[in-house]
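S.K.: Next up is a structure, given as structure tokens.
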């Protein structure tokens, strides 16, 4: 029965914590002591077993699988999660002999408050902020507005099965048909289902036909589907290249440059991104292939600038007066246990790269667009990353023309403030996948050719349930046009 194991485990924890003397006294404040205790039990067990050289890794994997089952997840999901994550977990534990269960729980449950008051938060190097240049003059030129097509989360599933069940215990569905409940969901499903590959192709063809004047495409991550337990390294690189082929297809955007950020799902280990130095046990394969596919499939022109060592971040001078900086801020998500790896510069060097590139843009009189998957102040981001990023944005508010994000699946924007003054805006186009109750959407921006601020945007969508019910191809409709006067946050200083 669905959830039985997890429910039984919860009952055991409830009984353990009925006695007030068993409350975790070493934690100053927490909103969920039971969750903190469960987290510690899991990681204490895994750490102790991993450090026992006489216990085979396969045995540790079995224990990890069992602990996963205690959360109520089905066996096939736990089998995959354990298989995919065992190598990186054991590598990190063995690389840091001082690592404790509290280190894992402090980070992954940061929003709950599970830190041991006797311990200390990790000390991370901070970017030094210097005063802004007094001679900043933008170098853009007057002309017609630039058109940007923004594609949010794609979640393309090449194994999508038409008619399959959309409410399952896996968290991601539409791969197996329940013969007693066949669904009408050819073009997607508002349940826990990703986007059929053919629907993505059709969407790109419709966009190309409707918007013939697009200058550049921004993709803000999550090409890969939600079936995270079923991934391999080759699967990830294959699907990213498949997405490139769809975008570059004859009837789609064959000649338009594409600038892309990695998403939380664009890895074989959901939400986990290693330092580049980790090699085969980490994500060096992803960073190398990502750079290659951008240069040979997506952007297909000169100008992409990657650091010698990087974790999927880069910049490009898109046109005179405009530089685009693409971040992989997924490395700072609270579930990325690679942040516990002893590589000391892993966390710092991406923010230093952002700062240095913005400073050079300031000296060159360039405006900057920033692409990143996770929006500013996302609850998935570590608090100290958010704080440091906010300081950098404040310092270069006169240089940053706009930010573009994904992840939430929502058509939204977020403002950044200096006190009560709005100094920046981050745009989100929603999602091309109908996963968890949203109609597919995309957005087209009109950008001022001198300041490169967003002047106007149009959001398009199609009603997935109506489309399936009428058994017709999707008809993308204009949802709304934003023509309001821009605030000081989106104007050039």
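Cβ atoms are placed via backbone N, Cα and C, with glycine included.
What you see is a predicted model, and the numbers here were worked out from it, not measured in a lab.
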S.K.: Given that TrEMBL annotates 153, 155 as Zn(2+) 1-binding, name the residue from 398, 409 that shares the site.
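M.R.: That Zn(2+) 1 site, as TrEMBL gives it, pairs 153, 155 with 409.
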S.K.: Roughly how many angstrom lie between the C-alpha atoms of residue 153 (Zn(2+) 1 binding site) and residue 373 (Zn(2+) 2 binding site)?
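M.R.: So the alpha carbons of residue 153 (Zn(2+) 1 binding site) and residue 373 (Zn(2+) 2 binding site) sit roughly 9 Å from each other.
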S.K.: Given residue 173 (disulfide bond) and residue 193 (disulfide bond), what distance in Å do their CA atoms have, once rounded to a whole number?
M.R.: 5
S.K.: Among 168, 174, 193, 373, 409, these being the recorded positions, pick the one whose CA is nearest to that of residue 78 (disulfide bond).
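M.R.: Among 168, 174, 193, 373, 409, 168.
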S.K.: How many neighbouring Cβ atoms, not counting its own, are there within 10 Å of the Cβ of residue 174 (disulfide bond)?
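M.R.: Here the count is 30.
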S.K.: Using a 10 angstroms cut-off on Cβ to Cβ distances, just flag whichever of 68, 78, 168 is the loneliest among these disulfide-bonded residues.
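M.R.: Checked 68, 78, 168; of these disulfide-bonded residues, fewest Cβ neighbours within 10 Å: 168.
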S.K.: Which is it, of 173, 193: the one of these disulfide-bonded residues whose Cβ has the most other Cβ atoms within 10 Å?
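M.R.: Neighbour-count leader: 193.
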S.K.: So, three-state DSSP: helix, strand or coil for residue 153 (Zn(2+) 1 binding site)?
M.R.: strand
